[in-house]
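Q: Sharing a structure below in structure tokens format, with a few things to ask.
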Amino acid sequence: MRTAPTILHLDMDAFFASAEQASKPSLRGKAVVVGGLGPRGVVATASYEARVFGVHSAMPMAQARRLAPNAAYLVPRFGFYKSISEQVMGLLRSLSPLVEPLSLDEAFVDLEAGGVAWDEASARLAGVKLRADIRAVTGLTGSVGLAASKMLAKIASEQAKPDGLVVIEPGTERALLGPMSVRTLPGVGPATGDHLRRAGITTVDEIAEAGDDELVRLLGKAHGHGLYAMALAHDERPVVAERETKSVSVEDTYDVDIHDRVRVGLEVQRLADRCVRRLRGAGLSGRTIVLKVRRYDFSTLTRSETLRGPTDDPAVVREAAARLLDAVDTTGGVRLLGVGVSGLADYTQEDLFAQAAGEERADRPPEESDDRPEGEPEAPVERRWPAGHDVRHAEYGHGWVQGSGLGRVTVRFETPDSEPGRVRTFQVDDPDLEPADPLPLVPHMPPPAPHEPPCAPASNEPHLPPASHLPPASHESPTPLGTRRPDGPDGPGTAVSQDSSGPATLPKSRSGNAGGGATSRP
Ligand SMILES: [Mg+2]
């Protein structure tokens, strides 16, 4: 392990919610919850103001609404977040060729490989400058952790949140880790965490005390050894620039086609469990769940669902696989089934349950990979005004949907650099109103003046004129934020998205056999 804290972990603060607040002046300093607003929706990100009420990622949306009824509830704009993410990743790549993204808003950087840091002082300097650059280019804040290993760098950034920088000095790692929860360690998801707790192991120190043999007995050879080493703060994993496309998958071919839908469902559950066992055996987790179905006529379908982040929880994979199966027509019989997990990582994050995939579906048009059986209805497209999404009105200009329902849509007209704007209500089919692209958060590059932070303070109250001053064509909406749901933009998902960029098909070379070849990760 290196002797200087030159591995950097960046994690943007409450990323989706912060991006929304920067985008919508009226929401700055307010509780904002981004996530699926449908019946099965979960919270993707809560702003720090919303976290005060106990709202957190992965919480069912209904529970969040009970805790914070006055928060703004917004449907994610993944395209917008992705464009900000690209700016951030660009800054990271200017520091080092070794940048390993973990999600849209999180990445490791090997500063030493980039020649920008070689000791604590230079690493700290690089971290400080990076945070300032991110702020200048995106208008958002990110927290930085610096340590001599990936595991510790990630722990450091967690401690730095929000809007901070923490350096863990080499030599202090074990004392720091000892009292922490086992869940702090890479590869310990909810399932592994429960398993360890049943064995009486809840802290990192207790893993160290239990010893290597006991860990191997509990978790198997690969996972047990790895975790024991991590507990001793031994983490030699390099920062890997490009993750090869890898997946862990299993599949079964049936001698006789399966016609019974219930049986098909059970087979998929069984395959999901088997797939997760291999995944966890390799100490990995994955983001994208893939279902493969070969039908009686040899037509082969793959369906995939991408979670917000990696999981190794069998329940999550089972649920995702079952949802994918829901959208597949199996009448006529099935001759092969497969379940795979790709988008592999060696981290598992608590806030990344499968339901979060519902939000991604809400943002992407449904696509299919192979074919669409005749007679299968097209997915409904009537979801024009998701809460939080951008619109443009011929007369009033750029705004965002504050809510819709009962044939009307309420729009707040404001832009990232405007004062908090005014609300107007229109008929949903108003010809003057159309969906729009998000506006950039920082209009003029480079950086804005330091005393004009894009995220204004909480005191930034809307300045609404009296209702009588409004033109007769519209009126001030009495609807508080988030109390109306959009007209079913993300009901119980019928649409299943195909992750077109990802490895949607199951590599044959890894399929089938129970042992070995589960992954090509070193
Ligand atoms: Mg983050």
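Each residue, glycine too, has its Cβ placed from N, Cα and C.
Reproduced below are the annotations present in TrEMBL:
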- GLU106: active site (ACT_SITE)
- ASP11, ASP105: Mg(2+) binding site (BINDING)
- 358-386: compositional bias 'Basic and acidic residues' (COMPBIAS)
- 437-456: compositional bias 'Pro residues' (COMPBIAS)
- 470-483: compositional bias 'Low complexity' (COMPBIAS)
- 495-512: compositional bias 'Polar residues' (COMPBIAS)
- 513-522: compositional bias 'Gly residues' (COMPBIAS)
- 7-189: domain 'UmuC' (DOMAIN)
- PHE16: site 'Substrate discrimination' (SITE)
Q: Quick one: which of the recorded positions (ASP11, PHE16, ASP105) have their CB closer than 6 Å to ligand 1?
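A: List returned for ligand 1: ASP11, ASP105.
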Q: Excluding near sequence neighbours, so keeping only residues 6 or more apart in the same chain, what lies with its CB under 8 A of ASP11 (Mg(2+) binding site)?
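A: Those within reach of ASP11 (Mg(2+) binding site), by Cβ under 8 Å and sequence separation of 6 or more, are ASP105, GLU106, GLY142, SER143, GLY145, LYS154, SER157, GLU158, LYS161.
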Q: Long-range same-chain neighbours of PHE16 (site 'Substrate discrimination'), Cβ under 8 Å, sequence gap at least 6?
A: VAL34, ALA44, THR45, PRO76, TYR81
Q: What is the pLDDT of the domain 'UmuC' (7-189) when averaged and given as a whole number?
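A: Per the prediction, mean pLDDT sits at 93 for the domain 'UmuC' (7-189).
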Q: With H, G and I counted as helix, E and B as strand and the rest as coil, say where DSSP puts PHE16 (site 'Substrate discrimination').
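A: Reduced to three states, the DSSP call for PHE16 (site 'Substrate discrimination') is helix.
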Q: Should ASP105 (Mg(2+) binding site) be counted as helix, strand, or coil on the basis of DSSP?
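A: ASP105 (Mg(2+) binding site) sits in coil per DSSP, no helix or strand.
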Q: So how many other Cβ atoms are close to GLU106 (active site), meaning within 10 Å of its Cβ?
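A: Excluding its own Cβ, the number within 10 Å is 21.
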Q: So for ASP105 (Mg(2+) binding site), how many other CB atoms are inside 10 Å of its CB?
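A: ASP105 (Mg(2+) binding site) is surrounded by 23 other Cβ atoms within 10 Å.
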